[in-house]
Structure formats: structure tokens, C-alpha cells
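Scroll down for the structure; my scribbles are underneath it.
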Amino acid sequence: MFCVQCEQTIRTPAGNGCSYAQGMCGKTAETSDLQDLLIAALQGLSAWAVKAREYGIINHDVDNFAPRAFFSTLTNVNFDSPRIVGYAREAIALREALKAQCLSVDANAHCDNPMADLQLVSDDLGELQRQAAEFTPNKDKAAIGENILGLRLLCLYGLKGAAAYMEHAHVLGQYDNDIYAQYHKIMAWLGTWPADMNALLECAMEIGQMNFKVMSILDAGETTKYGHPTPTQVNVKATEGKCILISGHDLKDLYNLLEQTEGTGVNVYTHGEMLPAHGYPELRKFKHLVGNYGSGWQNQQVEFARFPGPIVMTSNCIIDPTVGSYDDRIWTRSIVGWPGVSHLEGDDFGPVIAQAQQMAGFPYSEIPHLITVGFGRQTLLGAADTLIDLVSREKLRHIFLVGGCDGARGERNYFTDFATSVPDDCLILTLACGKYRFNKLEFGDIEGLPRLVDAGQCNDAYSAIILAVTLAEKLGCGVNDLPLSLVLSWFEQKAIVILLTLLSLGVKNIVTGPTAPGFFTPDLLAVLNEKFGLRSVTTVEEDMKQLLSA
């Protein structure tokens with residue numbers, strides 16, 4: 001096992017990465033190794049997808065499957081080894097079908113890629129794990145060095161984050177052939193184990209640019225189906241009655257659950273990254289969507305254990321449900337998996353609803369505590385002139401985007417301390433689950449404009465980018481000249497691709513933490529600092545002083 005893709009990876013003087021019987025996320029060595037094997041199979045599939053496009057062949061089954069299966073290897077998504085192998089087998093079957101399509105056009109068609117003809121050696125998980133050793137990401141570290149390995153992983157993990165957003169967009173009916181062609185090209189190239197530093201740096205920027213387009217179609221999918229988010233108050237306390245908790249990012253799953261629970265007497269609560277759903281008109285119209293429960297994903301083993309109903313996980317992040325003994329009432333959807341946990345194959349939430357009706361639910365309603373969400377792209381753009389006016393009258397000094405992933409490290413208190421230290425004449429724009437570090441605190445307003453503005457999920461970084469570009473255009477300056485600073489927390493691969501997106505758009509002087517990715521070498525960090533001004537957090541006082549004086 002070797003895995004260094006998330007922020008909580010093991011770090012020692014000898015090197016970074018989880019390489020024991022189990023990773024810090026709870027992923028076993030078996031599952032981790034089989035995920036490496038799956039990725040190799042997906043690289044072979046993408047190699048043939050690239051070849052097929054040369055013949056004008058676009059196989060939508062391949063396009064739909066490839067990012068979804070890649071998403072299953074993202075941190076805290078799928079811990080179920082047999083299902084990972086199932087994805088690998090499906091990848092190979094689709095590859096062979098695609099190969100046959102190519103051969104039907106050109107009998108001499110061939111694909112010059114090391115992964116293009118990969119076959120699984122056995123049905124036995126142990127033998128497959130031994131085969132997977134051929135594809136361990138750091139297998140040639142001694143030959144290529146840490147810097148090349150780090151850049152490879154930056155590209156691989158960044159592309160994995162983009163694949164997750166591609167799947168979210170696909171679920172909402174969004175498809176862009178150019179995006180999929182670019183995805184397959186990059187995925188296939190990474191399967192050649194590239195070792196050119198400049199080419200890898202260029203690839204990382206290409207992934208970032210591609211992801212901007214992915215976030216654009218995801219935004220279109222969400223707003224077309226569910227309307228544009230508008231500011232909405234959400235109760236974060238319990239309401240009396242039977243209940244279901246839904247976590248993750250998939251708004252379609254939430255919509256289906258709300259439709260199926262309507263009139264049943266079962267209330268629905270959002271958790272984690274599902275919180276922004278309350279801002280969408282077509283979701284909040286369901287009166288039994290009563291509130292948001294819990295805090296950051298890392299606290300779920302305590303909070304889920306206390307929740308008096310079933311829980312549905314639609315995407316990341318799931319952690320071991322046996323710790324809180326709620327594994328008999330947690331359900332996984334789509335690419336999510338945990339051994340022994342009930343999995344919903346389709347869109348029928350009937351079994352979950354039936355379980356909710358058999359459980360006690362909340363015995364009484366707590367005193368409401370309301371927070372505000374729903375500052376989506378349209379709302380943000382509608383406030384652009386107000387922001388400019390406040391800046392021109394020196395009522396608004398600075399905007400801080402403080403957001404990103406949450407996690408368990410104590411150092412993440414930095415982001416709470418930073419938010420609460422932001423001066424009263426400054427605004428905090430937030431997104432993703434890092435907001436749970438401070439989103440239930442009171443920040444007041446500036447002439448009626450809330451000082452804490454929740455823009456949505458991690459992918460809603462797109463809205464923040466569009467706002468920044470709009471402000472820069474109206475003020476006749478560059479984005480980097482705005483009174484705007486980005487203070488980002490990272491944990492997994494979606495955060496990595498958001499960072500690449502920002503860097504590829506030329507955004508500079510981003511501050512990130514609580515620690516640098518384990519695959520960032522000192523040399524790589526130095527390059528990113530020199531080129532983009534990217535740096536790690538220090539202390540709240542020092543960072544605040546530096547950002548306000550920039």
C-alpha cells in the first residue's frame with residue numbers, strides 16, 4: 001500500500017504516505033492496492049477512448065463510466081474491495097468493446113499505451129492485490145526522484161477531483177464532448193508514467209483549466225434543474241418527528257428522496273456538503289426538508305450515532321460506521337461503499353423510508369437556531385455593484401474567501417480563529433465544508449450586507465471565481481489587484497483540483513493549510529511559491545497583517 005492523496009496521510013521523517021495495513025482514513029491495504037489496479041485499468045480504457053476518437057467513435061457508455069469509477073477511488077468514498085474489482089472488470093470489458101469498435105473501422109488499429117491491454121490475473125482478491133503492486137504510484141520513485149513523483153501525483157489527484165465533478169454534472173444530465181476528450185487524453189498520458197517535469201507542470205495547469213469548464217456545466221446542471229440559489233435561513237436544530245439524514249453532494253438524490261418522502265410524515269435533514277441545497281427553490285419548496293444536522297464530516301461517528309433515523313451517503317465523505325454502531329442504518333448510493341453496509345443500486349429510497357418509519361425520530365423540537373445559506377452565482381453577481389459602492393465609500397476594506405475542506409487535525413482551528421479575527425469592515429465569503437468551523441457564529445453585517453456569505457458547495461468556487469472576474473472588470477483591474485484574499489483549507493482531491501483551477505486562471509497569493517499536501521516536495525512548493533505566490537498558513541495574526549497590507 002502507498003497512498004498520500006489526503007491531508008491526514010501519515011508523515012514521518014522517512015517520508016510521507018500511508019503504507020501499512022490500513023490508512024489513516026480507514027482504507028485497508030487491500031482496498032488501496034485494488035484502487036491502484038482500477039486506476040491502471042481506467043488508464044487503459046482512456047487510452048482506447050483517445051484512439052476511438054481518432055476514428056470518430058464516441059462511446060457514451062465509456063464516457064459515463066470512466067469518471068464515475070475514478071471517483072470511487074477518492075478519499076472516503078468506497079472502501080468495498082469487491083466493488084472496486086467490479087469496476088476494474090467493467091473498465092476492461094468496456095475497453096475491449098471499444099477496441100472492437102476501432103478494429104471494425106481499421107483492422108490494424110492498435111494503442112501504444114502500457115495499460116492498453118491490462119488483464120486481471122485472477123478472481124482471488126489476494127492475487128489481484130499482488131498484481132496491483134505493479135501499479136503502486138511510487139514504484140519507480142528511486143529512478144525518477146521525489147519531485148517527479150510529486151508532480152505525477154498532483155496531476156493524478158487533480159484529475160481525480162475533476163472526475164468527481166464530471167460525475168456530479170453527468171448525474172444532472174450535463175455532457176461536453178471536449179471535456180471528456182481532454183479527460184481521456186490526460187488519463188491515458190498519466191498511464192505512460194511520464195517523467196518530464198515541464199510536461200507535468202503543463203498537465204497540472206491543463207487539468208485546472210479543464211475543471212473550470214467542468215464546474216461551469218455542473219453549475220448549469222444544478223441551476224437548470226433546481227433554480228438559482230437565493231439567501232435562505234436554515235434551522236440547525238432538531239424538529240419533532242421521524243427523520244432521514246442525507247449527506248454528500250448529489251442534489252438529484254436529495255430531490256428524489258424529498259419526492260418519495262412527501263406525505264409520509266418523515267422529515268429530511270441535510271448533512272455536510274448537502275447544506276447549500278436549502279438555497280435552491282426546487283428543493284426548499286418541500287416543507288419536510290426541515291433543516292441541517294451536524295457539523296463537519298469528521299464528526300460523523302458521534303453525530304450519526306445520535307441521529308434517530310437512517311442516513312444516506314450520496315458521495316464523499318463516509319468513515320467507519322461500526323465505530324458508532326449505526327452501520328445497520330446507514331445506506332450508500334452510487335459510487336459510495338463500505339463493507340457490510342446496505343447499498344441502494346437505483347433511485348428507490350423505499351427501504352430507507354420504511355426504516356425511518358420504524359424508528360423513533362426526534363421526540364421534541366429544539367429551540368431553532370437559524371443560519372443563512374444560498375448566496376449562489378446570480379445572488380453574488382447581483383451584489384457586485386453594492387460591493388463596489390461599499391469599497392469606494394471605504395465601508396468595505398477587504399473580502400476574504402475562507403473555505404475549503406474540513407478535517408480532524410487540531411491545526412484546523414486556525415480557520416475558526418482566522419474568521420473570527422477578520423475586522424468588522426471586512427467580508428467573509430465561504431464555501432465547502434470548511435465553513436462548519438465558523439458558520440454558526442454571528443458576524444453581523446455592513447450596511448445590511450451580511451459579513452458571512454455562504455456561496456455553497458466546494459464546486460461553487462465557480463461562483464466565487466465569476467464574482468471576482470466581474471468585480472475586476474467593473475473596477476478595470478486584474479483579479480489579483482482586488483481587495484480579495486483566498487485562505488483555503490484542503491483535505492482531498494476535489495480541493496486539489498480547485499487549487500489547480502485557481503492557479504491555471506492566474507490567481508496568485510493563495511494561502512492554504514493546515515499543512516501542505518504530503519506529495520508536495522520542498523522543491524515543488526518553492527516552484528509554486530515563486531510562480532504563483534502560493535504559501536502555507538503561518539499564524540492568524542501574521543497572515544491577517546500580511547493579507548490586509550497586500
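The backbone N, Cα and C atoms fix where each Cβ goes, glycine too.
What Swiss-Prot records for CYS3, CYS6, CYS18, CYS25 is [2Fe-2S] cluster binding site, and it gives sequence analysis as the kind of evidence. Counting every protein chain shown, 26 other Cβ atoms lie within 10 Å of the Cβ of CYS6 ([2Fe-2S] cluster binding site).
Note: HIS249 (hybrid [4Fe-2O-2S] cluster binding site) has non-local neighbours HIS168, GLU273, MET274, THR314, SER315, ASN316, GLN457, CYS458, ASN459, i.e. same-chain residues 6+ apart with C-beta under 8 A of its own C-beta. Feature annotation from Swiss-Prot assigns hybrid [4Fe-2O-2S] cluster binding site to HIS249, GLU273, CYS317, CYS405, CYS433, CYS458, GLU492, LYS494; the stated evidence is sequence analysis.
For CYS405, the entry in Swiss-Prot reads cysteine persulfide, with the evidence type sequence analysis. Under DSSP, CYS405 (hybrid [4Fe-2O-2S] cluster binding site) is assigned to coil, being neither helix nor strand in the three-state scheme. The Cβ neighbour count for CYS405 (hybrid [4Fe-2O-2S] cluster binding site), using a 10 Å radius over every protein chain in view, is 28.
Under DSSP, CYS458 (hybrid [4Fe-2O-2S] cluster binding site) is assigned to a helix (H, G or I) in the three-state scheme.
Among the binding-site residues CYS3, CYS6, CYS18, CYS25, the ones whose Cα is located within 10 Å of the Cα of GLU492 (hybrid [4Fe-2O-2S] cluster binding site) are CYS6. Fewest other C-beta atoms within 10 angstroms, among the binding-site residues CYS18, CYS317, CYS458, are seen around CYS18. Other residues of the chain with a Cβ within 8 Å of the Cβ centroid of HIS249, GLU273, CYS317, CYS405, CYS433, CYS458, GLU492, LYS494, the hybrid [4Fe-2O-2S] cluster site, are GLY272, TRP297, ASN316, ALA432, GLN457, PHE491, ALA495. Taking Cβ-Cβ distances under 8 Å and a sequence gap of 6 or more within the same chain, the neighbours of CYS25 ([2Fe-2S] cluster binding site) are CYS6, GLN8, CYS18, THR75, ASN76, ILE319. Cα of CYS433 (hybrid [4Fe-2O-2S] cluster binding site) to Cα of CYS3 ([2Fe-2S] cluster binding site): a span of 23 Å. Rounded to a whole value, the Cα-Cα separation of CYS3 ([2Fe-2S] cluster binding site) and LYS494 (hybrid [4Fe-2O-2S] cluster binding site) is 16 Å. Within 8 Å of the centroid defined by the CB atoms of CYS3, CYS6, CYS18, CYS25, the record's [2Fe-2S] cluster site, lie the Cβ atoms of VAL4, GLN5, GLN8, THR9, GLY17, GLY23, MET24, LYS27, SER32, THR75, excluding the listed residues themselves.
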